[in-house]
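> Sharing a structure, written as structure tokens. Questions coming.
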Amino acid sequence: MVCDEVPGRVRVAVRLRPRNAEESVADTDFADCVELQPELKRLKLRKNNWDGDTYQFDEVLTEFASQKRVYEVVARPVVESVLDGYNGTIMAYGQTGTGKTYTVGCLGEEDTAARGITVRAMEDIFANVSFETDSVSVSYLQLYMETIQDLLEPTNDKIAIVEDPKTGDVSLPGATLVEIRDQQSFIQLLRLGEAQRFAANTKLNTESSRSHAILMVHVKRSIKGRDAALSTENGNHQDMVKSLKPSVVRKGKLVVVDLAGSERINKSGCEGHTLEETKFINLSLSALGKCINALAENSVHVPFRDSKLTRLLRDSFGGTARTSLVITIGPSPRHRGETASTIMFGQRAMKVENMVKLKEEFDYKSLSRRLDIELEKLIMEHERQQKAFEDEIERLATEAQHRISEAEKNYADSLEIPKVSAKELSDLKKVIQKETVLRKAAEGEVKNLQIQMAELKMSEASGKSEILKLHKMLDGEASQKEKLEGEIAILQSQLLKSSLETHETRQEVGRAGFENEVGGLDSLISQVKVQQRASGNGEKPSMAKLFEQVGLQKILSLLEAKDADVRIHAVKVVANLAAEETNQGKIVEAGGLTSLLTLLKSSQDETIHRVAAGAIANLAMNDKLQAKLRSEHGIQALLGMVRCKHPDVHAQVARGIANFAKCESRASSQGTKSGRSFLIEDGALAWIVQNANNESSSIRRHIELALCHLAQHEVNARDMITGGALWELVRISRDCSREDIKTLAHRTLGKIVEAGGLTSLLTLLKSSQDETIHRVAAGAIANLAMNDKLQAKLRSEHGIQALLGMVRCKHPDVHAQVARGIANFAKCESRASSQGTKSGRSFLIEDGALAWIVQNANNESSSIRRHIELALCHLAQHEVNARDMITGGALWELVRISRDCSREDIKTLAHRTLVSSPTFQTEMRRLRINY
């Protein structure tokens with residue numbers, strides 16, 4: 001099952017290349033070695049004409065898939081992540097000659113629809129960046145015979161890989177980095193690089209790439225840069241001064257890798273220098289495969305340093321990048337081994353999980369430039385205002401001097417007049433007083449202007465000082481950050497040391513308080529460990545001797561101790577003892593199970609719950625203790641522990657239920673137990689069904705095993721169908737990652753059907769009108785219809801009529817499941833007729849399903865229409881059905897499908913069926929259908 005819920009998992013798509021001219025001639029009598037099921041995202045690798053292995057992928061692309069479709073499902077999510085500030089990798093892997101370079105690097109100069117992932121990715125990047133604030137840079141390299149060469153600078157052919165000792169990031173400082181601003185420049189760079197790549201003519205490919213091509217695109221985007229630029233253009237200087245935070249820069253890196261194809265020397269016919277190139281290619285791909293295996297198995301050591309290719313892709317697999325892998329395969333059965341190897345590489349890669357990390361940092365350089373520009377503008381503004389103030393002062397001084405001169409002149413003229421009347425003298429005095437007042441006002445205004453000018457100078461000085469302080473803060477922030485990080489590391493080490501010293505002190509003080517209990521308990525634990533080691537070495541020390549020295553009753557009495565540490569140590573001892581079958585009966589006889597259950601009721605400690613659950617799970621493995629566990633309410637105690645939300649407790653509960661179900665199944669098979677399962681009687685089935693698809697793999701594995709063991713006995717079938725367990729069994733048989741559990745579920749489903757499970761399911765459908773029950777039951781019958789061995793059973797149990805009866809429910813999901821069931825039944829019937837195991841008309845036609853099929857052949861719902869079209873094509877493949885299909889109007893639908901169907905594979909199948917059927921050909925000539 002594909003786990004889309006994991007955000008950082010490597011996504012893998014598989015693409016099938018069409019047959020080439022050589023394969024069309026050489027393999028004309030042989031079927032393709034693979035069968036694609038794109039609607040289910042599955043691929044079947046044929047072992048022979050009737051058997052094969054099925055694999056699940058994130059996307060399955062047929063030979064008719066367009067380059068645009070490949071880009072949309074494989075590369076676009078990665079490109080969008082790079083634009084958001086994450087690292088991303090797109091890689092093509094496969095046998096030589098299967099279309100990797102066409103998928104990734106085709107320029108599409110003659111046909112724009114043939115553009116590959118690289119060209120389309122850059123088109124999206126250019127459409128989403130603004131070159132006023134953003135930048136895009138490109139490096140283009142090739143790894144040839146373990147040497148990294150620069151395709152943009154051919155003389156630079158020995159580029160070293162540098163790893164950051166702190167972060168582990170890989171960089172290539174010696175590679176040429178070219179900044180580009182348009183698509184045409186990028187295409188020219190690609191042409192230049194492709195001209196430098198090594199290629200050779202082999203038996204498998206006339207243009208076989210002899211090196212791994214690596215394109216690195218660095219995208220730098222400023223998040224707040226656009227707002228800052230707009231603020232500067234509008235002259236909003238105050239907002240610029242207030243907003244002293246640096247803009248955020250996101251740096252994403254897109255790595256596009258076109259791997260050289262893996263090849264076998266005996267098939268490719270390489271010799272001489274080409275043989276040496278092949279050895280280096282296979283060695284680097286082998287190293288990559290080892291790293292993928294180690295990551296998929298969560299190995300402690302991943303051999304990244306075995307090859308330069310794996311060192312370059314360290315961030316892509318198991319690192320911080322979002323990775324998408326497209327594996328390319330060919331249809332020829334002659335290369336089935338290489339195709340199987342490629343598929344298994346993709347399956348292992350799907351298990352690799354990356355820790356996707358946002359690449360974001362502050363742009364202090366941009367902030368410094370903005371502050372410098374703002375400072376220059378403030379200085380210019382201040383100089384302008386200062387000049388205006390000086391001009392105003394000069395104007396006022398000139399005006400005042402002019403008025404004083406006029407007053408003095410008037411006064412002198414008045415003295416020259418020999419006779420001045422009293423009135424004139426009074427008027428003159430008023431003028432002088434007025435002039436004096438105006439002069440004093442002018443002088444006061446001059447003083448005020450001088451004071452304002454002094455204040456502006458002080459404000460200017462203060463502003464300069466503040467700006468200098470900000471520059472110093474910006475310059476010292478990096479060093480201060482490093483200093484603080486160093487101090488934090490020192491404090492953390494000191495804290496760890498103090499914690500260790502405190503822990504040792506507590507242990508020394510605690511020994512005095514409960515030395516007798518804990519000392520005896522520690523001794524007991526050490527004895528149990530010695531016993532376990534001796535058992536592992538083949539020795540069998542007597543447990544009776546150990547119990548004589550310590551005493552089982554004393555161990556169990558410590559479960560009731562007041563000190564929490566003593567209780568935890570005691571329950572761990574009991575759990576270790578319960579792991580051995582020879583001790584399990586003695587523990588139960590001595591009241592150990594009762595003590596454990598009492599401890600669980602009185603304690604809320606997660607550790608006690610986890611260890612006690614493990615002890616009960618160990619006891620549940622013993623066939624002789626089943627009735628005792630049930631009578632002591634052991635099952636209900638396990639179910640009660642799920643209230644503790646700790647996942648380890650849930651895992652132990654699931655293990656206990658699986659062990660109990662396994663022992664019950666064994667007892668029922670041996671005839672020592674009859675009747676329904678104790679688990680079902682105690683209400684555990686609801687919790688089992690609820691957690692059958694749990695996110696935790698350990699919980700899910702135990703629950704799947706428990707369901708399979710419960711379903712092996714007919715007496716439990718009715719309860720499991722009513723409780724929804726049948727649907728989970730169908731899912732397990734189809735999607736479980738464990739092949740042994742998957743096979744067991746498949747075999748169990750067959751037993752359920754043989755034992756009357758199908759009859760029970762059909763009875764439930766007749767008695768219920770619930771849409772959910774109809775949808776789930778229809779899905780279950782549709783899955784059963786995929787089994788070739790159940791065709792006759794389904795027909796005899798009226799399964800086809802039951803499916804047709806469910807269309808009375810108007811819910812579209814129910815109709816979709818009915819259509820899927822009919823398509824599966826028709827496919828199995830067609831296969832049985834081809835193999836000679838069935839003869840005569842189709843059961844679907846005999847049971848009256850053809851009318852509903854024709855009625856819904858052009859349904860508005862794409863899922864219903866697709867299944868009905870497949871069912872019509874499978875029915876039409878056998879001449880015995882042709883006359884009924886013509887009478888029922890199916891011929892017109894087949895003609896429409898062969899002309900207008902959106903699915904190329906169904907369209908081709910309908911065309912081939914019409915052409916190969918003499919009955920259909922005769923009827924089309926009679927109806928004058930040009931075909």
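Note: Cβ is positioned from N, Cα and C throughout, glycine not excepted.
The ATP binding site feature in TrEMBL is assigned to GLY94, GLN95, THR96, GLY97, THR98, GLY99, LYS100, THR101. Taken from TrEMBL, the feature coiled coil covers 379-501. According to TrEMBL, the feature domain 'Kinesin motor' maps to 9-352. The repeat 'ARM' annotation in TrEMBL covers 550-592, 591-634, 756-799.
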> Using a Cβ cut-off under 8 Å and a sequence separation of 6 or more, which residues in the same chain sit near GLY99 (ATP binding site)?
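ARG15, ARG17, THR328 - these are the non-local Cβ neighbours of GLY99 (ATP binding site), listed in sequence order.
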> Rank the binding-site residues GLN95, THR96, THR101 by the number of other Cβ atoms within 10 Å of each Cβ and report the first-ranked residue.
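The residue with the densest Cβ neighbourhood is GLN95.
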> Count, for each of the binding-site residues GLY94, GLY97, the other C-beta atoms lying within 10 angstroms of its own C-beta, and report the residue with the smallest count.
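Among the binding-site residues GLY94, GLY97, the lowest count of other Cβ atoms within 10 Å belongs to GLY97.
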> Does anything in the same chain, at least 6 positions from LYS100 (ATP binding site), have a Cβ under 8 Å from its Cβ, and if so what?
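Set apart from LYS100 (ATP binding site) by at least 6 residues yet with Cβ under 8 Å, we have ALA92, TYR93, GLY94, SER209, ASP258, LEU259, GLY261, THR328.
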> Quick check on the repeat 'ARM' (591-634): DSSP residue counts for helix, strand, coil, in that order please.
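Once the DSSP states are binned, the repeat 'ARM' (591-634) shows 35 helix, 0 strand, 9 coil.
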> Among all protein chains shown, how many Cβ atoms are found within 10 Å of the Cβ of THR98 (ATP binding site), not counting that one?
28
> Grab the pLDDT values for the repeat 'ARM' (550-592) and give me their mean, rounded.
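Here the predicted model's pLDDT, averaged over the repeat 'ARM' (550-592), is 76.
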